[in-house]
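S.K.: Here it is: the structure, laid out below.
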Ligand SMILES: Nc1ncnc2c1ncn2[C@@H]1O[C@H](COP(=O)(O)OP(=O)(O)OP(=O)(O)O)[C@@H](O)[C@H]1O
Ligand SMILES: Nc1nc2c(ncn2[C@@H]2O[C@H](COP(=O)(O)O)[C@@H](O)[C@H]2O)c(=O)[nH]1
């Protein structure tokens, strides 16, 4: 009979080997060498397999484009506890998970391919606030700085909030093809996305966030179909009005003009790839960033 110490060493070696094997499977799913559905199928066909010992949460987390917030939501919807392993799933849970993996994987993969995310939505929904939060908390993301012909608001900084330029300079930039897109917004001022910094960032593998209006989002999608369009929604219409009035940066007439545009814009939300409700700035920012896999990259560092 082996002494207990030898058993303990062998068990610990086996645990390390199993952890490494699970990590290899997760990497293969992340790198798309293996589909998540085939991992589930292997787990269900052999209780002795490495796959059978994987947690459902880890499998979902390894899918490109799915981050912790979405994974928690999906697991809740599928009725699967976060500690559950693939081998421990009931028949109905297996079916629901399989259907989810089959239905959602292509959409998730499309999102994961895109490092260009466009955040649009009605006036005062919080696009600027959420984008600023992302700029300050996720330095890997380049937040595009637009050019505009509108005057700066108090506190806005040229080159950070916008490039504040006059009509002649805006015309020159249009003529020389320097904009990825541009539009007249709220029937008043012109706004445009400079193309150069975006091309450079994407070429170097960085993710890029554009915070622009809905016409601009449509133009970007037409020029770059791989872009992911995100529509930011207010919790309610009343809250949107409260935010616009509370911001206090527009005259009454301008507020009315913006709310008129907002009603039309809200009707366009179905054209977008994703919708995010801005109840809480930090949570909304995390949802947007998940689409770029930035959060995922951070989570994976230092794990198995
Ligand atoms: N989650 C939130 N909860 C409460 N207030 C918020 C939230 N997000 C943003 N706000 C507030 O709502 C107001 C409008 O936000 P912001 O200026 O970011 O909107 P916007 O969508 O960029 O507007 P616009 O398109 O008109 O430029 C600001 O006063 C901001 O502080
Ligand atoms: N089409 C574009 N729209 C843009 C761009 N930059 C900002 N915007 C949008 O304009 C409105 C008004 O912004 P505000 O700062 O005056 O309140 C808002 O919806 C922005 O998202 C752009 O480059 N192109």
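Think of each number as a place in line: the chain as shown, counted from 1.
In case you wondered, yes, glycine gets a Cβ from its N, Cα and C as well.
The feature domain 'Guanylate kinase-like' is assigned by TrEMBL to 114-293. Feature annotation from TrEMBL assigns ATP binding site to 121, 122, 123, 124, 125, 126, 127, 128.
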S.K.: Should we count any of the binding-site residues 121, 122, 124, 125, 126, 127 as near ligand 2, judged by a CB under 6 A from one of its atoms, and which?
M.R.: 127
S.K.: Ligand 1: which of the binding-site residues 122, 123, 124, 125, 126 have a Cβ closer than 6 angstroms to it?
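M.R.: Near the molecule: 123, 124, 125, 126.
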S.K.: Out of these binding-site residues, 121, 122, 126, 128, which one has the fewest other C-beta atoms within 10 Å of its own C-beta?
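M.R.: Among the binding-site residues 121, 122, 126, 128, the lowest count of other Cβ atoms within 10 Å belongs to 128.
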S.K.: For residue 122 (ATP binding site), which DSSP three-state class applies?
M.R.: coil
S.K.: Select the most exposed residue of 124, 125, where exposure means the fewest other Cβ atoms within 10 Å, treating these as the binding-site residues.
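M.R.: If we count Cβ atoms within 10 Å for the binding-site residues 124, 125, the smallest count is at 124.
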S.K.: Residues other than 121, 122, 123, 124, 125, 126, 127, 128 within 8 Å, Cβ to Cβ centroid, of the ATP site?
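M.R.: Here the non-site neighbours turn out to be 232, 234, 240, 243, 278.
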S.K.: What number of additional C-beta atoms lies within 10 angstroms of the C-beta atom of residue 127 (ATP binding site)?
M.R.: 20
S.K.: Need one number: mean pLDDT over the domain 'Guanylate kinase-like' (114-293).
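M.R.: The predicted confidence over the domain 'Guanylate kinase-like' (114-293), as a mean pLDDT, is 93.
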